[in-house]
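Student: As annotated by TrEMBL, active site, proton acceptor applies to His106. Taken from TrEMBL, the feature NAD(+) binding site applies to 9-28, 88-91, 172-174, 198-200, Ala216. The substrate binding site feature in TrEMBL is assigned to Tyr53, Arg56. Here TrEMBL flags Cys114, Cys117, Cys133, Cys136 as Zn(2+) binding site. Residues or ranges marked as domain 'Deacetylase sirtuin-type' in TrEMBL: 1-230.
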Amino acid sequence: MEKIVILTGAGISAESGLSTFRDEGGLWAQHRIEDVATPEAFARDPALVQGFYNARRVQAAKVQPNAAHQALARLQRDWSGDVIIVTQNIDNLHAAGGAVDVIHMHGSLDGALCAACGHRWTAPPEMAVGEPCPACDAPTARPDVVWFGEMPYRMDEIYDHLAGASIFAAIGTSGQVYPAAAFVHEAQAAGARTVEINLEPSCATAGFDDRITGKATKAVPQWVDHLLLQRI
Ligand code: NAD
Ligand code: APR
C-alpha cells in the first residue's frame, strides 16, 4: 500500500483569507519574528505576544476551509493506502475541511500550554496575560504554538512516516524554515517521488522531482484527481 505524506504551509490557507508569512505584505512584513514568535519575546512582553496570537485566533475563527483542504480530505478517504497530513499551519482548516489525524508540527491556535508544567488545554478565544494553568495554577499560560528556537512537535512520528513514504508533496510552503524544509530530502532518501505545489517556484523547488505551479485551490484538487484516476 503506497503511503502519501503531505506537508502543508501557509499558502494552502491563503485563499481562505489567512495571511502567509513571507509573501508581499505577509505577517513577517508587519511584525518582527523576534518580537512575537520566540520564547524570549514572550518573557519580555507577554501582552504583545498574546495580542498577536489573539488577533490571529479571531481571524482564523472567521474563515472557511477551501477546495485545497477539502481535496486533501478526499484523498485521505479515497486513497488505498495511508495519507498523512503534516502541517506547519496553526489554523484548524484541514480538520474543518474533513481531514483526520492531522499532525500540527508547529502547534495550534486552539491550544493553550503552561510554560511551567507543560500541561495543555483548549485555549479561550482571547488569552489573558498571567492566566493561571488549570493543572499547577502558575500564571504562565501561553499559546500552544512552536516558536523559533523551539522543537516542533511529533518529529519522531513524522520521520517514521517519511521513511515509509512512496509519494511526498509540499504544498504552499516557502521551504525556508527547518526542519520542515528538509522533509523532501528525507522522503527522497526513502525512495519517494516528490512534488512541490506552489503559487511560484520556492527556494526549495530544485530539490523536488516534480513541480506544479498554481493556486492551491485549483492545483491541489487537480493533483488529487490525477492520483486517484491513476489508481482506478
Ligand atoms: P531558528 O534557528 O530561529 O529556528 C528554527 C527552529 O525553530 C526550527 O527547529 C524550527 O522548526 C523551529 N521553530 C520554532 N518556531 C517556529 C515557527 N513558528 N515556525 C517555524 N519554525 C519554528 O530559524 P532558522 O532555521 O535560523 O531560520 C529559518 C527561517 O526563519 C529563516 O530563513 C528566516 O526566513 C526565518 N527567520 C527570520 C528571522 C528574522 O527575520 N529575524 C529570525 C529567525 C528566523
Ligand atoms: N496557492 C499555493 N501557494 C501559495 C498561495 C496559493 N494561493 N499563496 C501563497 N502561496 C505560497 C507562496 O508562494 C509561498 O511559497 O505559499 C508559500 C508561503 O510561504 P511562507 O509565508 O513562508 O509560509 P510557510 O512556508 O508556511 O512558513 C513556514 O514559518 O514563521 C514560520 O510559523 C511559521 O509555520 C510557518 C513557517
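Note: Cβ is positioned from N, Cα and C throughout, glycine not excepted.
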Student: Could you tell me the C-alpha distance between Leu199 (NAD(+) binding site) and Tyr53 (substrate binding site) in angstrom, no decimals?
Tutor: 26
Student: According to DSSP, collapsed to three classes, what secondary structure does Gly9 (NAD(+) binding site) have?
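Tutor: It is coil.
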Student: List the recorded positions Arg56, His106, Cys114, Gly172 whose Cβ sits under 6 Å from any atom of ligand 1, in sequence order.
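Tutor: The recorded positions passing the 6 Å Cβ test are His106.
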Student: Could you state the whole-number distance in Å separating the C-alpha atoms of Gly25 (NAD(+) binding site) and Cys133 (Zn(2+) binding site)?
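Tutor: Each residue's Cα considered, Gly25 (NAD(+) binding site) and Cys133 (Zn(2+) binding site) end up 35 Å apart.
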Student: Specify the count of other C-beta atoms within 10 Å of the C-beta of Cys133 (Zn(2+) binding site).
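Tutor: Neighbour count, Cβ to Cβ under the 10 Å cut-off: 21.
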Student: Taking only the binding-site residues Gly9, Ser13, Phe21, Tyr53, Gly172, which one has a CA atom nearest to the CA atom of Cys114 (Zn(2+) binding site)?
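Tutor: Among Gly9, Ser13, Phe21, Tyr53, Gly172, Tyr53.
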Student: Here are the binding-site residues: Ser13, Gln88. Which has the lowest count of other Cβ atoms within 10 Å?
Tutor: Gln88
